[in-house]
Amino acid sequence: MVALQVHFLLIPSLMSVMGAAQYVMQDAALLSYIDQRFLSLEKRLQKCSQDVLEYADEFRELSRAVLSRLAGLSTDKAELQGEVENLLRRVEHAQRDIDYFGSVTDSNACVEVHEDLLKQQWLEEVEEKNRLKLMFNASCHHMLAGIRSLKVVKKTGGKHGSWMKDPGKKHGKIYLLSGSVNNVILEFANIMAFMENNQTLKARRIPLPLPWEGTGHVIYQGFLFYHRHGSLNEIVKFNIQRRNVADQMLLPGAGRIPAYQLSPQTKIDLALDEQGLWALHAEPETGENIVLTKINAVAMAVEHSWDTPCSSRGAEAAFMACNTLHVVYNSPSGGSPRIQCVYDVLGALSAPTNPGLHFPKRQGGHSTIHYNPKEKQLFAWGDGSQIVYKLHTEQKV
């Protein structure tokens, strides 16, 4: 009985000892695994260090090879430069020899070629002048000799604007375009309706889909030609009867500076004379001189351009009459306007005039001056007044 009790007491002790031994064996296995992992990492670090040293040695060898090659290239470059300089010296010597032999030979052939070239240029100039005369029909034989009188027809609107008739139509309608930026034309049945006090009530209002800019518009053969507001150099052709845009074109070089210094609101000034539609503008490249362009009103295309000697500085307006540009100058404060530069595209007259042709009984400035080739008189807008100037002409010599 006692032996049986001792047996039961020893079993728990043995079980405890066996459990502790098992834990010890597990800890030993874990330590062995950790030790092996550390050894593996040490080997890898050692190999990495060895690879870095090898890469460093290879880089040093490559650097030495590159430096050696660069030094060789510098030497080759110096030798090549010497050869090129020697070749250039030989070419210069040969060129001097050629020039010498050319100078001592007979130059008659060169003179003949030079004379032929001058003759060809002269023939081309004559041909161009004949072409221009044919284009302009040579129908203008008069020149402006003076401004006889003025008539203030009406005083309406602000400082800037333009008014006109259509010289290409038989009717006597009056068109009023008020302001330097607007999109409404006022059309009057005749001059009497325009002169009435309540003339705006009797006018037909014609809205434009695109507003105008400046005061350099013209009406010709039922179309309004104008510089479109917001564009650099776009000219619009508007059909007044149908109230739609018929065509558009760009005027090269125009729109960067005012056509006239004293009328900065106008960058492109359109004009009419016996030969049709013209455009006037100034360019920085011409020293701010006025550039004259003939436009085909049907095709809306440039036919010819001229750089004139007439300056835009001090100018307030200009107009065309019989193939000739007439530029009107004034003082900034508005004095006595005068025509002081004319330019005939056919070369009959092309020079500044001094003292110039003065406008009679007129003190102030002009916003616009346009020539009517049908009535042979000027339609002007001056300080809000609509003015007509009668002209005195003489035969061209």
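Any Cβ shown, glycine's included, is placed from N, Cα and C.
Copied over from TrEMBL, here are the features:
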SIGNAL    1-21  signal peptide
COILED    70-97  coiled coil
DOMAIN    139-395  domain 'Olfactomedin-like'
DISULFID  C140-C322  disulfide bond
(message) Test of understanding: give the count of other CB atoms lying within 10 angstroms of the CB of C140 (disulfide bond).
(response) 19
(request) Can you check how the pLDDT averages out over the domain 'Olfactomedin-like' (139-395)? (result) 92
(message) Give me the count of other Cβ atoms within 10 A of the Cβ belonging to C322 (disulfide bond).
(response) 23
